[in-house]
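Straight from TrEMBL, the features:
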BINDING   SER7, HIS65, GLY141, PHE142, GLY143, GLY144, ASP174, GLY175, GLY176  substrate binding site
BINDING   HIS32, ASP34, HIS65, ASP174  divalent metal cation binding site
ACT_SITE  ASP34  active site, proton acceptor
ACT_SITE  ASP174  active site, proton donor
Amino acid sequence: MAKVSPSLLSADFAALGKDIEMINRSETDYLHLDIMDGVFVPNISFGFPVIESIKDLCKKPLDVHLMIVEPGKFVSRFAKAGASIINVHYETCPHLHRTIQSIKNEGVKAAVTLNPHTPVCLLQDIVRDVDMVLLMSVNPGFGGQKFIEGCLDKVSELKELILRKNSQAEIEVDGGVNLETGKALVERGADVLVAGNYVFKSPDPVAAIAALKRLVSD
Ligand code: DX5
Ligand code: ZN
């Protein structure tokens with residue numbers, strides 16, 4: 001079964017408690033939190049006080065996606081705020097190995113994220129060190145964008161790299177995921193589906209999460 005990581009970016013921020021309560025009674029595997037700094041991406045989202053409040057209410061592990069420059073500066077604070085997984089972008093980390101080790105030293109799972117234009121082959125010397133690779137299937141910054149089809153081949157390529165390097169990393173995909181794109185992703189080997197609009201704009205988010213979890217390859 002696929003894992004599902006609903007992206008809180010598409011939730012109702014005036015009623016977050018209600019949405020977290022929905023997440024708790026759903027089959028959600030991780031709760032995806034998008035942190036944007038207005039520098040690495042052209043948008044600003046939320047930060048530590050919001051994560052800390054969510055941590056007190058949410059029973060699911062927090063999957064924190066850092067779309068910020070110099071993420072290494074804040075690893076310890078995100079860990080203390082309640083992150084279970086910290087995703088840093090390849091494009092923001094000149095010393096990626098060091099940043100990954102600093103995440104692990106906090107007792108948190110470490111993940112590296114690739115923008116749509118960043119090739120999978122760049123991960124060949126780090127893929128054994130990470131718990132997860134997050135492939136962006138939209139340009140990061142906003143929810144509700146159209147899935148970039150070229151991401152499907154990247155999932156296949158990453159799956160092959162993980163097997164060849166004997167890595168344990170999960171493959172997570174983020175952006176434009178719905179039942180149709182989600183199925184194609186699972187068929188290529190994706191393990192974790194991030195979904196914002198598809199879940200939170202659904203009339204029945206709990207059922208939307210369950211439907212994504214049940215996607216299997218033919
Ligand atoms: C985009 C974020 C995503 C976003 C996904 O920068 O990383 O997590 O919330 O939203 P949807 O599923 O609506 O494309
Ligand atoms: Zn994200």
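Keep in mind that glycine also has a Cβ here, set from the backbone N, Cα and C atoms.
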### Task
Go through GLY141, GLY143, GLY176, the listed binding-site residues, and name the one with the sparsest Cβ surroundings, counting other Cβ atoms within 10 Å.
GLY141
### Message
Spatial neighbours of GLY141 (substrate binding site) among the binding-site residues HIS32, ASP34, HIS65, defined as Cα within 10 A: which are they?
### Response
ASP34
### Annotated binding-site residues GLY141, GLY143, GLY176, filtered by Cβ under 6 Å to ligand 2
none
### Surrounding CB atoms that lie within 10 Å of the CB of SER7 (substrate binding site), all protein chains
23
### Query
CB neighbours of ASP34 (divalent metal cation binding site) within 10 A?
25
### Message
Using a 10 Å radius around its CB, how many other CB atoms surround ASP174 (substrate binding site)?
### Response
25
### Task
Output, ordered by sequence, the same-chain residues six or more apart from HIS65 (divalent metal cation binding site) with a CB under 8 Å from its CB, or 'none'.
HIS32, LEU33, ASP34, ILE35, ASN87, THR113, LEU134, ASP174, VAL194
#### Entry: Assigned element (helix, strand, coil) containing GLY176 (substrate binding site), judged by DSSP
coil
### Message
Can you give me the residues near the recorded divalent metal cation site, meaning same chain, not HIS32, ASP34, HIS65, ASP174 themselves, Cβ no more than 8 Å from the center of the site's Cβ atoms?
### Response
SER5, SER7, LEU9, LEU33, ASP63, VAL64, ASN87, LEU134, VAL194, GLY196
